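Visitor: If you look up Swiss-Prot, you'll see His48 marked as active site. The active site, proton acceptor annotation in Swiss-Prot covers His94 and rests on sequence analysis. What Swiss-Prot lists as ATP binding site is Tyr51, Lys90, Asp492, Gly529, and the listing cites sequence analysis. Feature annotation from Swiss-Prot assigns Mg(2+) 1 binding site to Glu92, Asn530. The feature substrate binding site is assigned by Swiss-Prot to Ser93, His94, Asn95, His96, Arg115, Gln239, Glu311, Ser312, Gln313, Ser532, with sequence analysis given as support. What Swiss-Prot lists as Mg(2+) 2 binding site is Asp116, Asp267, and the listing cites sequence analysis.
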Amino acid sequence: MRNEPQITPELVAAHGLKPDEYERILKLIGREPTFTELGIFSAMWNEHCSYKSSRIHLKGLPTKAPWVIQGPGENAGVIDIGDGQAVVFKMESHNHPSYIEPYQGATTGVGGILRDVFTMGARPIACLNALSFGAPEHPKTRHLVSGVVAGIGGYGNSFGVPTVGGQTRFHTRYDGNILVNAMAVGLADADKIFYAAASGVNMPIVYLGSKTGRDGIHGASMASAEFDDSSEEKRPTVQVGDPFAEKLLLEACLEIMAADCVIAIQDMGAAGLTCSAVEMGAKGDLGVDLDLDSVPTRETGMSAYEMMLSESQERMLMVLKPEKEKEAEAIFRKWGLDFAVVGYTTPSKRFVVKHGGDVMADLPIKELGDEAPLYDRPHVASPALPVIHAREVKAPMAIIPALEKLIATPDLCSKRWIWEQYDHVILGNTVQRPGGDAAVVRVQDGPKGLALTVDVTPRYCEADPFEGGKQAVAEAWRNITAVGGRPLAITDNLNFGNPERPEIMGQFVGCLKGISEACRALDFPVVSGNVSLYNETNGRAILPTPSIGGVGLLDDFTKSASIAFKTEGEAILLIGETHGWLGQSVYLRDVCGREEGAPPPVDLAAEKRIGDVVRGMIHAGTATAAHDLSDGGLLVALAEMAMASGIGARLLAAPASIVPHAYWFGEDQARYLVTVPETEAGRVLAKMRGANVPCTRIGTTGGTALAIAGEASVEVATLRTRFESWLPGYMGGAAA
């Protein structure tokens, strides 16, 4: 082999491999690895690709249901929505690159998740995102918000897919590690799904798409280590995206799939050519021989190490039917994309890489992929926090001033400044735009619609990982239900700190147990996902943030509900039990200055029972508007319904049994607001009593103000001005 760097303990450590892992490599291959082999092991055995700290716990997630076609383990999950149609979806993180280079980090995050979806044979129809930024007063936050939002919009808008929903939060725990979680949803024929497992010996392995450069080398390894003060120096490991090349790649891939050319397909994402080739071979129980002399490159003098670890974007690897090779090549040439046979499948179960006539790597393929190291790391449960009793919390201001303050806080204010930079209506199928409970996207050429949402409440997960995990799933389920959707499945993006710290691993394990329990109780299986660990800087971890992306089905998209009040004189009903739970509420944090206490418990049986009733009301046309209750509680939800319509409401006073500020701002779970015509109110209330569903009339729509009996009132227009002003003002340079 060629002269390569000497393998030293320092070089091994620089590749993110622990001494015991390197010893395992020596035992596995019976010799010292080459430099290229060391890079391959580093890429395949890092946390980002191998899931070595999380795999043992992920096995407990419920992943099956009659409508699940493909669960975790492929590029994306697939569910059956009837009529021969399937929805393909996944969520993935691009956290570390987005902190270092926010625009490019965000663009390539979107590009990567779109490829995961169309690799399965689906045409992307929607994107969503979940963004977590540091405290507004942190000197980098404005720059990061601006770059990430521009990157998401720049890629999605140019590629031609609508960005229809998401979630954005600010907290000081994300100062040194922001989170950029991107979700993509696509539509495919249920009987034409494409998979990654190669089959057949001596089948051509074809490189497709853009040329390989030096960008992104060790991007996956960077995503498997915590940051320190030198993180800015990692800028060269951030990939550069080209949405127009990705659009060409999409069309070319779908065309050769339709021409029945493809045996297996894998996008080149994390760890690039290494990961895609290893996964295809390992999943198919085959070996892979690659000749790097055939790889299209855009830079001269690239080494085998660089080509194997490059994360240049807009690239695919396929195993083609030999008799279809010329037809496939003609299709890709037509789209102006590179097409090169770079290797063949073999029966050897070995991964062999050649360059310039030399063998640069010769490794057992299964041990690189399926049989990477697996850890059951020590973990300790988070200590239980005390329940905060509402009567012990002094209200620092009256109810209406507190509402005005809350809707102008970073977490609860309008995110219009963000979503107006995204094209959310391209393709012409967006039924409900951002700003409601869930986006609704029409399934083209039919009456069906998809309800899409992304949810998590990190402060709950920090306070009680188990309840926080349950709540993240329950809120996604509620948001889909609140637009009239039938929740079908989720994708998760599990963002946590350093798993080598037992308390962080305890958060991960606790959240995962909560997610599993909620998914089982709500019949809401996990079909895809991503784990992002080491989200720490100088030992300070992010809040545990298990983002949940939910997908639901509407049989008739024209019957979806929205949050806006529809007309004056309708009854406002509060469905679900209200106790006035203030622990970990936004009110307690942002009005009272206390970030403490146990979060609200999640009663999954109540979630199911109450949600099914609300969905039935929407389908029957009884509910004219619907909104789930979450951050900010009852009065914030009422304000959102009023601001969405311009119609006010006359509200009854808080019941004597609940402290007023806890009634209006508590965050009890399993609750919805619905409006019904006055003529239906009595019948609905009686029906709810008969079904053992808590339901109370709390007011009537009408006027131009929110008016609470015995309290002050506030004009809806005044609320809207405050609601819409904070984020544009902040991004324009106003003090945080």
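Note that Cβ sites are derived from N, Cα and C of the backbone, with glycine treated the same way.
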Visitor: Nearest to Tyr51 (ATP binding site) by Cα, among Glu92, Asn95, Asp116, Glu311 (binding-site residues)?
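Guide: Nearest listed residue in space: Glu92.
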Visitor: What whole-number Å value do you get for the CA-CA distance of Glu311 (substrate binding site) and Asp492 (ATP binding site)?
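Guide: Distance between the two Cα atoms comes out at 23 Å.
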Visitor: For Gly529 (ATP binding site), identify the closest of the recorded positions His48, Glu92, Ser93, Asn95, Asp116, judging by Cα separation.
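Guide: Comparing Cα positions, the closest of these recorded positions turns out to be Glu92.
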Visitor: Could you round the CA separation between Arg115 (substrate binding site) and Lys90 (ATP binding site) to a whole angstrom and send it over?
Guide: 10
Visitor: Please list, in sequence order, the residues in the chain of Glu92 (Mg(2+) 1 binding site) that are at least six apart in sequence and whose C-beta is under 8 Å away from its C-beta.
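Guide: Non-local contacts for Glu92 (Mg(2+) 1 binding site): Gly109, Gly112, Ile113, Asp116, Asn181, Ala182, Met183, Asn493, Asn530.
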Visitor: Distance between Asp267 (Mg(2+) 2 binding site) and Gln313 (substrate binding site) at the Cα atoms, whole Å?
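Guide: Spelling it out, the Cα of Asp267 (Mg(2+) 2 binding site) and the Cα of Gln313 (substrate binding site) are 9 Å apart.
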Visitor: Please report the distance from the Cα of Gln313 (substrate binding site) to the Cα of His94 (active site, proton acceptor), rounded to the nearest angstrom.
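Guide: Answer for this pair: 13 Å between alpha carbons.
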Visitor: Please report the distance from the Cα of Asn95 (substrate binding site) to the Cα of the residue listed as 'active site', rounded to the nearest angstrom.
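Guide: Just about 12 Å between their Cα atoms.
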Visitor: I'm trying to understand the geometry here, so how far is the Cα atom of Asp492 (ATP binding site) from the Cα atom of His94 (active site, proton acceptor), in Å to the nearest whole number?
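Guide: On Cα coordinates alone, these residues lie 14 Å apart.
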